[in-house]
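Engineer: What TrEMBL records for this protein is below:
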- 1-139: domain 'Nucleoside diphosphate kinase-like' (DOMAIN)
- K9, F55, R83, T89, R103, N113: ATP binding site (BINDING)
- H116: active site, pros-phosphohistidine intermediate (ACT_SITE)
Amino acid sequence: MEKTLAIIKPNAIANAEEIEKMIIKDGFTIVQRRRVLLSKEQAMEFYAEHRDKPFFSDLINFMTSGPVLAMVLSKDRAVRAWRRLLGPTSVAAAIKKHPDSIRARFGSSDTENAAHGSDSAESAEREIRFFFPDVTLYPILSGMEARDFVDDYVSETLVRGLTELCKTKPADPVSWLAEWLLSNNPYQPVQGVH
Ligand SMILES: Nc1ncnc2c1ncn2[C@@H]1O[C@H](COP(=O)(O)OP(=O)(O)OP(=O)(O)O)[C@@H](O)[C@H]1O
């Protein structure tokens, strides 16, 4: 499944719930979500390619004027599908040509156009890293591949954890097991020594 980055911009954050419903209805899975207030430096880095455009300072002021909701969306051809649901950059064009699109419904001007979407798979990867540095971008395994992965990397540790759980009998077994698995994961990332 392809992934893309969606941002609900400050002028549409009050409509985030309704926009999320549109996203789900369109068949996307929301893999990650994070509400953040961008600093000017972060917004300038994110929109660096537009640094010489006349609308750049308005864009930076707008994007830092309130919280944004960043989401990783997953679906077959997610980049293209999300941009279709967004509608054109210009809100006037969106209202005219795609009145059901997110920008037509929730945008208020060419800058305050409600939401963002990555423009290619490459941009999506970079932009997802920007907001979610820890996210796994590898495809989610299914079927035999998933079973092999569980056999090779999960079962042994999980059985050890469940055995300890039975011995310990904690009040909240789910949280206890989650903590135990985090502390006993044999595949923890190793910190390099520089
Ligand atoms: N002509 C313009 N006047 C004012 N603001 C603009 C204009 N063109 C773009 N912007 C603002 O800059 C953002 C980035 O522009 P870009 O050309 O990358 O559009 P986009 O790819 O449709 O939008 P986004 O990158 O936010 O998904 C736009 O979403 C909009 O907020």
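Cβ from N, Cα, C; glycine included.
Unlike curated records, TrEMBL annotations are generated automatically.
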Engineer: Do any of the binding-site residues R83, T89, R103, N113 touch ligand 1, in the sense that the CB is under 6 Å from one of its atoms?
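Structural biologist: From R83, T89, R103, N113, counting a Cβ under 6 Å from ligand 1 as near, the near ones are T89, N113.
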Engineer: Per DSSP, what is the residue tally for the domain 'Nucleoside diphosphate kinase-like' (1-139) in helix, strand and coil?
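Structural biologist: With helix first, then strand, then coil, the domain 'Nucleoside diphosphate kinase-like' (1-139) has 66 helix, 26 strand, 47 coil.
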Engineer: Within the chain of H116 (active site, pros-phosphohistidine intermediate), which residues six or more apart in sequence place their C-beta under 8 angstroms from its C-beta?
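Structural biologist: Non-local contacts for H116 (active site, pros-phosphohistidine intermediate): L5, A6, I7, K9, L86.
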Engineer: Including all protein chains shown, what's the count of other C-beta atoms within 10 A of the C-beta of K9 (ATP binding site)?
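Structural biologist: Around K9 (ATP binding site), other Cβ atoms within 10 Å: 24.
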Engineer: Which of R83, R103 (the binding-site residues) has the most other Cβ atoms within 10 Å?
Structural biologist: R103
Engineer: List every residue in the same chain as N113 (ATP binding site), at least 6 positions away in sequence, whose Cβ is under 8 Å from its Cβ.
Structural biologist: K9, T89, S90, V91, A94, R103, G107
Engineer: Around F55 (ATP binding site), how many other CB atoms lie within 10 A of its CB?
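Structural biologist: Excluding its own Cβ, the number within 10 Å is 12.
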Engineer: Express in Å, rounded to the nearest integer, the largest CA to CA distance found among the ATP-binding residues K9, F55, R83, T89, R103, N113 named in the record.
Structural biologist: 21
